[in-house]
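Q: The ATP binding site annotation in Swiss-Prot covers 10, 11, 18, 89, 90, 91, 99, 124, 125, 126, 127, 128, 129, 130. Marked as substrate binding site by Swiss-Prot on the basis of sequence analysis: 10, 42, 74, 88. The annotation site 'Transition state stabilizer' is assigned in Swiss-Prot to 18 on the grounds of sequence analysis.
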């Protein structure tokens, strides 16, 4: 049986918390599609193509991981791909409320849709891509919060190395 799930997100940038969820997802599913959301209402630091490349480099050559992107509703993307399962990471109880509402809306739009929630490890429960961006933009050190290739990309994008 080929069990697959979609792990959607903006991944702007990819964090070690995201990587931890990918690893947990691979323990639950045979295949994982990491789907980068293209949201025209946001002003991302990295383009969709840059984010996809950073994710590919960070996950290495694992054949169980596919990196893709989508526009619009994630549930429509899931329907198009024929993968009605989504993997979501939870950092705190506050994440659950939003994710619970989203899961129920997705289920309403696509009845066969299932959401699978996994907790982020204790090392990364406080890490969000938004906080990483803010800290990096102000010259703070985000080493250990993002993969090495993402740290280098942040430094290039911002034109300076982070403070120690």
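Each residue, glycine too, has its Cβ placed from N, Cα and C.
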Q: Whole-number Å only: compute the distance from the Cα of residue 88 (substrate binding site) to the Cα of residue 99 (ATP binding site).
A: 8
Q: So, in DSSP terms, is residue 88 (substrate binding site) helix, strand, or coil?
A: strand
Q: Just jot down the residues in the same chain as residue 129 (ATP binding site), at least 6 apart in sequence, with C-beta under 8 A of its C-beta; none if empty.
A: 9, 10, 11, 12, 13, 14, 15, 18
Q: These are the binding-site residues: 42, 88. Which one scores highest on other Cβ atoms within 10 Å?
A: 88
Q: Distance between residue 127 (ATP binding site) and residue 74 (substrate binding site) at the Cα atoms, whole Å?
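A: That separation, Cα to Cα, works out to 23 Å.
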Q: Express the distance between the Cα positions of residue 74 (substrate binding site) and residue 125 (ATP binding site) as a whole number of Å.
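A: That comes out at 24 Å between the alpha carbons.
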